[in-house]
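What TrEMBL shows for this protein is this:
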- 30-469: domain 'Major facilitator superfamily (MFS) profile' (DOMAIN)
- 495-517: region 'Disordered' (REGION)
- 28-49: transmembrane segment (TRANSMEM)
- 69-91: transmembrane segment (TRANSMEM)
- 98-116: transmembrane segment (TRANSMEM)
- 128-148: transmembrane segment (TRANSMEM)
- 160-182: transmembrane segment (TRANSMEM)
- 194-211: transmembrane segment (TRANSMEM)
- 280-303: transmembrane segment (TRANSMEM)
- 346-369: transmembrane segment (TRANSMEM)
- 381-404: transmembrane segment (TRANSMEM)
- 446-465: transmembrane segment (TRANSMEM)
Amino acid sequence: MSHGQHYAQFNNNTASSWWKDGGMRKGFIHIFILYSAVYSLGYDGSLLNGLQALPEWVRDFDAPTGTRLGLIAATYYLPKIPMTFVIAYLVDKYGRKLTLYLGAVFMLAGSLLGGFAQNVGQLMGSRVLLGVGTAAAQISACALVPELAHPRIRHWAGSFLNVTYFIGSIFAAWLTFAMVYYPATSSWSWRVPNLIQGFGPVILCLGTWFVPQSPRWLVKNGREAEAHKILADYHANGEMDDELVQFEMREIRAAVEMEKVGDQSSWLSFFKTPGNRRRFLVIILLGTVTQWAGNGIISYFLIPVLKTVGITSSTQQTGINGGLSIWSWWCAILGASLVERAGRRTLFLVSIGGMLACFVIMLGLSGGYAATKHTSTGLAMVPFIFLFNAFYAIAMTPIPMLYVPEITPLSLRAKAASLLLLSQNCAQSFNQFANPVALAAIGWKYYAVYVGVLIIYFVLFWFYVRETRGLTTEEAAVVYESDETREAALDAAYRQERADSPSGELKEAKEEVERRA
């Protein structure tokens, strides 16, 4: 029998609605500041598409295509692969705020270098800086948002984090659309969008000063009084003896103490128990599906894709890019709103199944256009590009950054976020080389590859991904354990909720969980 308790069972000094509560309003403002870390990801995702449609950018960088275009795109992702381990260490060692500052500085430097670039080498250097900066900011924000959010709004705060991607995407898409009408021959048509990319990092850098440190990190480093004060201010309007705040403090102390017993915070911990091995597999699945579902073609190589079906006008290309960003944003908001109603697993399966159907149809339409060159056949593909993005956005945008922290023990949360980002970047780096080369070599036939990939992902998600809808924090964290191990962990969590347990009892409970695993 599960003994997990819902947060609603504790008396809490807050208003019934978050907008009526001072502490929760302040918390939301700080969470919105953290969202700017993901805004920059979206800006870059749409910017490169828009720049490829600007004749001045194509002229100044010698019309990059194929491998050369892939290398320009990949320089944004390749540095993230080794830096992920460094960032995870810094986040755990020095707290979430330091890496937020570092991320903002690197992103700002990258936008300035990109805006004033004189050659392809400088352009690629700017993307390296942007890649490192966005990685640092994203990992830190992914860990800090659920640690600061009030339990009542934690699923909203987590699911809407990645939705911010499309705010940056929309801004960049329509800015490059406007630059199509900038005076011909001027390089400022592409320099301005690159320089404006620094807008997000400036907000993040200035805003991070006001964002509090992670209460969990503070407790781990012996600063319990500070952690208690932060939780009281944000979750109970300063009431230090609030029941919910007291429960959260007990939960954090217990998790930190459990982490000390048996070193559950190293990377090797992912391979020590069956439950952690299952989590590792699921995180890799989530990270790769967000890049290998076929979105890699549409998000970074939309312009070459449109050219394969006869859409060659710069105005048409940038207009479709801008419209696609707005459409995807609304669909991502819808998905984020449904995570508790429909469930995470259900949305994942609907998303993959819908993308698979769209790719089958797009494969047929693009093949038909290649054979007949009928403009109507090529244009018919555009609605299915929008429909594909809708299915992608309802699950793959809002859920991974919510789901991964949910299913991971507190001691591995930062590393789990890093692992998610690492798998995404490895998959995306492959995309940047493979997609432009394959599109140039075999054109529309390349879509058939993603039909097969999506079938494989649907089967894997059906058998391996588990639901966390409606579960409390301690229940979601052990959902990938065996039944016996899950019961033992929940029993231990229940005992820790009832009273502060001495380290000896915690050690005994930990050993019991490990024996059953």
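The first residue you see is number 1, and the count goes up from there.
Just so you know, glycine gets a Cβ as well, placed from its N, Cα and C.
Because TrEMBL annotations are produced automatically, they should be read as predictions rather than curated entries.
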Contact between the transmembrane segment (98-116) and the transmembrane segment (381-404) is defined here as three or more C-beta pairs under 8 Å separated by at least 6 residues; is that satisfied?
no
Using a Cβ distance cut-off of under 8 Å, indicate which of 69-91, 160-182, 194-211, 346-369 has the most pairs with the transmembrane segment (28-49).
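Highest pair count goes to 160-182.
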For the transmembrane segment (98-116), find every same-chain residue at least 6 residues outside the stretch whose CB is under 8 Å from a CB in it, and list them.
34, 37, 40, 87, 90-91, 122-123, 125-141, 144, 191-192, 194-198, 200-202, 204-205, 208, 211
Which sequence positions outside the transmembrane segment (346-369), separated from its termini by at least 6 residues, show Cβ-Cβ distances below 8 Å to it?
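Long-range Cβ neighbours of the transmembrane segment (346-369): 289, 293-294, 308-310, 335, 338-339, 377-378, 380-381, 384-385, 387-388, 390-392, 394-396, 399, 443-445, 447-448, 450-451, 454-455, 457-458, 461-462, 465, 467.
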Under 8 Å between C-beta atoms and at least six residues away from its ends: which parts of the chain pack against the transmembrane segment (160-182)?
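Those are 34-36, 38-47, 49-51, 53-54, 56, 141-142, 145, 188-190, 192-193, 196-197, 200, 314-315, 318-319, 321-322, 324-326, 328-329, 332-333, 336, 393, 397-398, 400-402, in sequence order.
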Please report, as numbers and ranges, the same-chain residues at least 6 past the borders of the transmembrane segment (446-465) whose CB is under 8 Å from any CB of it.
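For the transmembrane segment (446-465), the far contacts come to 278, 281-282, 285, 289, 292-294, 297, 344-345, 348-349, 352-353, 355-356, 359-360, 362-363, 366, 435, 438-439.
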